[in-house]
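Participant: I have a structure I would like to understand better, so I am pasting it below and will then ask my questions one at a time.
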Amino acid sequence: MIIDTTEVQAINSFSRSESLKEVYDLLWLLVPIFTPVLGITIGVLVIVWLEREISAGIQQRIGPEYAGPLGILQALADGTKLLFKEDLLPSRGDIRLFSIGPSIAVISILLSYSVIPFGYRLVLADLGIGVFLWIAISSIAPIGLLMSGYGSNNKYSFSGGLRAAAQSISYEIPLTPCVLSISLLSNSSSTVDIVEAQSKYGFWGWNLWRQPIGFIVFLISSLAECERLPFDLPEAEEELVAGYQTEYSGIKFGLFYVASYLNLLVSSLFVTVLYLGGWNLPIPYIFIPEPFGINKTDGVFGTTIDILITLAKSYLFLFVPIITRWTLPRMRMDQLLNLGWKFLLPISLGNLLLITSFQLVSL
């Protein structure tokens, strides 16, 4: 059987085109997955660098300066060092719980990014229950911390895990009515709809002015959820050595710090989305001159502007928890629980009742 050379070339060309098509399909499948991961990683590195520089300025000392320009790669160098350190395991601990705990803490926080809109319809999952899905997912992280403390077979670690669980429960409850109040004002639980509801009146339409009490309660509760000073009781050095992190080393030890900064960035982004207008500018788009083109919500330029506005608001807000860490002393455990249960919870419930009454009257 004689095969024409032209037919062989056509078959080879078809095979190459099919192979290229499969490669392109694989790339288009991986790009949406790795792009958010890369962006989140860079965001965490920037937060670590900002905190080190600000703390150095407050303490009148020189911050990181050798790893990269202005020391911006210091966090990456520290992470690489932890990656190659020995992973020690407690001899009498529960190895499975000890190993799974850090992963649960990080993964549960990473899932929260799926409902955060960085721009107009630029969100991984635009769900009708977006904000409440975030609350449900964030409740999983303390389970990982409790597993880490219990699996370490160490009294300091276990005490730190119990404190983390108690603190999360105490401040998750007052945080939920604040989110519910925002949902009532916006007539939706979707994060995209909440931002759109704030865009009607520009700067004065932000929920920051319509819900000042809820904003303060949300701010305090989110700081406690992130276990930042003055709420870092689960890992208080003077009392618990390092809390649930005491027995950890290597990359597992680093995962706890990754989870902490991821949670801080999530909280800042949700403050931006719920109270600071999301990707909207402080003034309505109609007042911006047409040559700037910012009033165009579609296209690459409009999407880039939306992302930059969201990130700018979030990183400006990050100065609050960073400065708070180096300003206020640590609270006692009884003060922490009293603040959550006896002060913030009644205020948030009263605020929710007030908003519900206004909404019923306006019907």
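Yeah, the Cβs are placed from backbone N, Cα and C, and that goes for glycine too.
These came from Swiss-Prot, pasted as-is:
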TRANSMEM  28-48  transmembrane segment
TRANSMEM  98-118  transmembrane segment
TRANSMEM  127-147  transmembrane segment
TRANSMEM  248-268  transmembrane segment
TRANSMEM  303-323  transmembrane segment
TRANSMEM  343-363  transmembrane segment
Participant: Under 8 Å between C-beta atoms and at least six residues away from its ends: which parts of the chain pack against the transmembrane segment (343-363)?
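Facilitator: Same-chain contacts beyond the ends: 171, 173-178, 180-181, 184-185, 211, 213-214, 217, 220-221.
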Participant: Looking only at residues six or more beyond either end of the transmembrane segment (303-323), which have a C-beta under 8 A from one in the stretch?
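Facilitator: Answer is 43, 46-47, 50-51, 54-55, 58, 117-120, 122, 219, 223, 226, 228, 264-265, 267-269, 271-273, 276-281, 294, 297.
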